[in-house]
């Protein structure tokens, strides 16, 4: 094996077809065979990063250890490969053009006419090749759909890389939809044929096809697609109820073996130990609970995809299936919506819309002693609710929502004030991994099993230290601080007053893994399960174990 091998994942017919999960699953399979894999996503949009994009359009923003605001697929990569990626794992058209224009303005092109080819494509190729020195394979997912005008420079850059490294060192996998028409009663292969034709017109002949469908594709149709697209390796990836089955599906169809042979990789036998326990927990769960995600963007579950997966992982060890109940913070019937839930999670967000609903929901959870985890904005709203209804600071709020509030219990971070004045919103928050010191004997410390931790952050507002003492005097516990900046990172209630009530300024969902569930989510699931078992015991439905 000579040099780094490249695998490119493209998509056809429709977007959101599963390219990211295909890339993550293939990366997991190669990793389980002992290969060192680096994986990245190319996003064709002109935004520099997704940090300022509407979550209802784009989905969640996933934060890396080094503080990059990235596409949600990077979260899938980290969870499936059990790795921590950095900012080089997500490349956007905005980043590429910004860099090229900066180079042009500083005279680095020595008077050349700056063009898409070669200058833009050269910068894309440079970013594709960025990876640790000991990597065997770079998997690159090209976002969007072939034929999109925005994707063309990325497709061309990938074609050039194949030419430069040699066909034997490069593998193109095209993920395409094979739709089933109910009216005709049959699956249609033409969309995939046309998609591959567009790819071939761009100079790329795919080496393998991953055909997405809700129903199995007949052998005849698979052979037809193979013939018409001139591709021998055809995999039918039928929709599965659990995304962690996808590596098994691809392996059963031999995709990883094909890639290894095509690229002449020195790979060992596959080690399924990473997934065996996870799949066993999913398929053989012993109990079920319902946890409400109370948020501003519940219309698009992808806006909270890492929270969803962290909650699911939180139940794997105890073989507890976590069912999600979506509760919109603008819902007028919050009391009824939260009536029979076993636990609640209030994730992050921005802006004033839905805030009063969040505060109302948090009060319900606190007073009903529902196990509750607040994340980022969720923690801030927990503080606001407590200040209003326990401490008596009527009208308490955050300066994010109300500039002239009498009780700004949540306020703009000092270093963020000038940034906001200058309207510099992109990439300027407190981003990345920061240290927190937890109070000995606190719920937080007991969950983490240590008092010295690091978590990923994405915020520009903080709990106001000026009101901390009044909150503490009335029972709110400040259980974790960043000692370098004296920032409040964790709050909670005493376990004598509430079975599980904790908030963090961080985004712990970004560090959860299927085999290593995050302690906060694991704790929430355990508390929710205990609440359910106690309720069933009291109603005579079951006997406590």
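Glycine too: its Cβ is placed from the backbone N, Cα and C atoms.
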ATP site partner of 16, 17, 18, 19, 20, 21 (as recorded in Swiss-Prot), chosen from 66, 71, 73, 82: 73
Per Swiss-Prot, member of 286, 312, 456, 460 binding L-glutamine alongside 349, 377, 378, 379, 380, 400: 460
Rounded distance in angstrom between the Cα atoms of residue 18 (ATP binding site) and residue 189 (UTP binding site): 18
Residue 141 (Mg(2+) binding site), number of other Cβ atoms within 10 Å: 29
Rounded Cα separation (Å) that holds between residue 377 (L-glutamine binding site) and residue 149 (CTP binding site): 37
Check: same-chain CB within 8 A of ATP site center, minus 16, 17, 18, 19, 20, 21, 73: 11, 22, 23, 141, 175
Close in space, distant in sequence - residue 378 (L-glutamine binding site), Cβ under 8 Å, 6 or more apart: 345, 346, 347, 348, 358, 362, 503
Candidates 188, 193, 460 (binding-site residues) - the one closest to residue 19 (ATP binding site) by CA: 193
Residue 376 (active site, nucleophile) versus residue 349 (L-glutamine binding site) - Cα distance in angstrom: 8
